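Now, the feature entries from Swiss-Prot:
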type	residues	note
BINDING	ASP177, GLU178, VAL179, GLY180, LEU181, GLY182, LYS183, THR184	ATP binding site
DOMAIN	164-334	domain 'Helicase ATP-binding'
DOMAIN	492-668	domain 'Helicase C-terminal'
MOTIF	280-283	motif 'DEAH box'
Amino acid sequence: MSFALGQRWISDTESDLGLGTVVAVDDRTVSLLFAASEENRLYAKHDAPVTRVMFNKGDTIESHEGWSLDVEDVIEEGGLLTYIGTRVDTDEANVVLRETLLSHQIRFNKPQDKLFAGQIDRMDRFALRFRALQNQYEQHKSPMRGLCGMRAGLIPHQLFIAHEVGRRYAPRVLLADEVGLGKTIEAGMIIHQQVLSGRAERVLIVVPETLQHQWLVEMMRRFNLHFSIFDEERCVEAYADSENPFDTAQFVLCSLDFIRKSKRRFEQVVEADWDLLVVDEAHHLEWNQTKPSREYQVIEAIAEETPGVLLLTATPEQLGHESHFARLRLLDPDRFYDYDAFVEEERQYQPVADAVTALMSGEKLSNDAKNRITELLSEQDVEPLFRIIESSAAEDEQAQARQELVDNLMDRHGTGRVLFRNTRAAIKGFPQRNLNLMPMPLPSQYATSMRVATMMGGRMTDEARAMKMLYPEEIFQEFEGDSATWWQFDPRVNWLLELLKENRNEKVLIIASRASTALQLEQALREREGIRGTVFHEGMSIIERDKAAAYFAQEEGGAQVLICSEIGSEGRNFQFANQLVMFDLPFNPDLLEQRIGRLDRIGQKRDIEIHVPYLQGTSQELLARWFDEGLNAFGETCPTGRAVYDKFADAIIAILATGKSDGLESLIEESAALNKSLKAQLEQGRDRLLEVHSNGGDKAKEIAEQIAATDGDTNLVNFALNLFDTIGLNQDDKGENAIVVTPAENMLVSSYPGLPYEGCTITFDRETALSREDMNLISWEHPMIQGGIDLVLTEGVGATAVSLLKNKALPAGTLLLELVYVVDAQAPKQSGIARFLPKTPIRIMMDGKGNDLSAQVEFESFNRQLSPVNRHMASKLVNSVQKEIHGLIDKAEISMEERLESVRTDAEKEMKAALNSELERLQALKAVNPNIRDEELTQIETQMSELSGYIGKAQVQLDSLRLIVVSHN
């Protein structure tokens, strides 16, 4: 190592000091001035941790005055370098720049410059970088992108709808699944796919006020999508940043009432540029031909300005035909322009539905059915398929022929592309509900206080009195004060304690109407029997509720009981439990269904035990009997319950207000009869064709199986832990498939993407994540992985490395150079480029003669044979073979030109094949189904020509390289 005054060196250990200049040299020491950081360093001369900075022909360098020079020649004189070349700004030739006058703030951007400047990274980081590029590429190419990372069970019909809709350009659809089938999750999956693919960057979700927090939590917990709730306060705050407050966040959640009430806010929402609008509870938007409601007009105005629209609504039959038409009109006003025409068109689908039902049943087709199918599929020769169905062909061949006919009929189904609707009847796997009605004697304390309350409540309406009589513990407290310990004598509490003791190993969900009742019950269970319980009510923050839910979900050491108030339980699901206690009853059938729906959801593995303790001779008994005998509302889902309740509301309220059973028998009889006839109408109106289409059949199962196969990917686990190590995060094993990850002091960056300041608990196991709300499910799509990969690639982690290969079969000192190139097409994310040409890593492995050995030498197995070299030693090795490395890089560049051409050609071919088949299918469909929107076709044509341009301009650049030297030691 020889030093001369004025030479430029860089520190191996403190590269952020910038470019240093030798200012003093004696026999033993050398002194460097780092002007950029105004620091001096004194090093021992024989072993200074510094690397000489030498540039080569073809490099562009910067002078300390700020102008740049393209280097054409390098002359060394008296130990100092002089660079000669052309000035970039003036094109002046033969400009001379001495190394002493180089810029002090030198930045080495190319990996080879970093290597020669001694900025050599660790070998394990080089491997991590290569794996990050590979995994990023594979994720972008995966057809399941956007569906694997959500924290939700793999339920075929949900995945089918999400896969079908999420890949469309600006989807406009109606999701009308029955209660408990997971519409919110379907919507979340669609949003997630649209966001990941870049098709949607700005999303607006409009929901009823009571559901805002539920949506916020669902989107965050399940999909890692962070929405902001906008209300008047938030809008006022946002004025500092933008004239239109809705422009200050990408993902916005707000209530319909908020936009409806303020003309100004409504106008601002319409003006904000959204890519996707999601409306929950869309059945509340009332419409008729002469006078649509204000709510309907608000959503209509936003939907007109927004390319993608998802409407979540109750089932079409519950809505009534006109109301159902109104939803479809929001999605496509050109197509659904006239109600009478729509009714007529629906009538014409009846034969299609009948034909599909006949095919699906597997029975012999009647001549009538065959004629109908032939007529409907007039442009296709269906005779050969009929022959297969009627022949003695193998069963699966017959099934295939039936399926082909069904698929073709489905494509002609008018609303099949815009409407998805699954019913419990069509989706198997729901548990039984077992009702346990528990009559109990009325305590004298309650009887007295109820009698007095009746005498004193002269001015109360019947409805208020009916509500009051359902909750005797509240009446008792009104007289005795808040400290009244009603739970000491209430027989329901004694019965509950026995139930919990008998079922020590079961999780039990208890729901009471009032938060105060829930809190006092928890106290009673704790004080009287030491039962571990937790409470859940509307007075708690989201975080407090999450903690309570996680404590209840915990298998070991968790709470046996979760006691919820009515409002507190909205939108939370606990399908790991199957014991439900209704400590009291809600006032209407919808709330009852909502209670049972906490456990009776898709994914529930066991039958549900519903326990209803009630006090004899009170309104509780009358209401329990009406729910059970009049509606069978405990035994099965009751889509007709609300309609029956509305019809008999006055009679029900009158009976509950008095607590007398006069007229109850006839009320039950009439309710049951109406319920039966309404259910029969629903059954008749069921659109079986739509159900078949919506649940996706075998295709849906295939999607679920494909995703399940990627769960538990050991490659992901190893990569994630390695990534967290490299960044410098603390990882503590927590057992039960869980790891606690927290930020550390010496991290590579000040804050890590997706990781809260206080850290978080992660798991790689879907089942664990589903039962524990406090855990993050780590997948390739999780922000901690996506953000980590971006961090590694942008921060230049692992861009250079030097390793030793201990192999006596090769001569000592043999050189190998491993280069990783990346092909990149510069294109906007929403163009869809990532599907066909994401950043594509190409590895080249050069031997000393310039032969590419990458096909014979696989990365992982080769990497395991290598050992690391310390930085100082690595720097010496690189300097000794700098010339050879330059030669090998030149050869690699030539070979990359050919590779680039083939990558472009393959991407172009794949893109044309995929988009052409999509286009042809839609064009064929358009001929028979008016639901194909013109803009979908033009969008695909435009996308093809744009993508073709982007792919043709794709460039390649060297991303990272590693020098490998053979050693025998």
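Cβ coordinates are placed from backbone N, Cα and C, and glycine is handled just like the others.
Here the binding-site residues are VAL179, LEU181, and the one ringed by the most other CB atoms within 10 angstroms is LEU181. Take the mean position of the Cβ atoms of ASP177, GLU178, VAL179, GLY180, LEU181, GLY182, LYS183, THR184, the recorded ATP site; other residues of that chain with a Cβ within 8 Å of it are ASN422, ILE602. Model confidence over the domain 'Helicase ATP-binding' (164-334) stands at 90, taken as the mean pLDDT rounded to a whole number. Taking a C-beta cut-off of under 8 angstroms and a sequence separation of 6 or more, GLY180 (ATP binding site) has the following same-chain neighbours: ARG424, PHE430, GLY597, ASP600, ARG601, ILE602, THR637. All protein chains included, ASP177 (ATP binding site) registers 26 other Cβ atoms within 10 Å of its own Cβ. For LYS183 (ATP binding site), the same-chain residues 6+ apart in sequence whose C-beta sits under 8 angstroms from its C-beta are LEU175, ALA176, ASP177, LEU312. DSSP gives LYS183 (ATP binding site) a helix state. A sphere of 10 angstroms centred on the C-beta of THR184 (ATP binding site) encloses 20 other C-beta atoms.
Residue density at GLY182 (ATP binding site): 23 other Cβ atoms are found within 10 A of its Cβ, drawing on all protein chains shown. With a 10 A radius on its CB, GLU178 (ATP binding site) counts 19 other CB atoms from all the protein chains.
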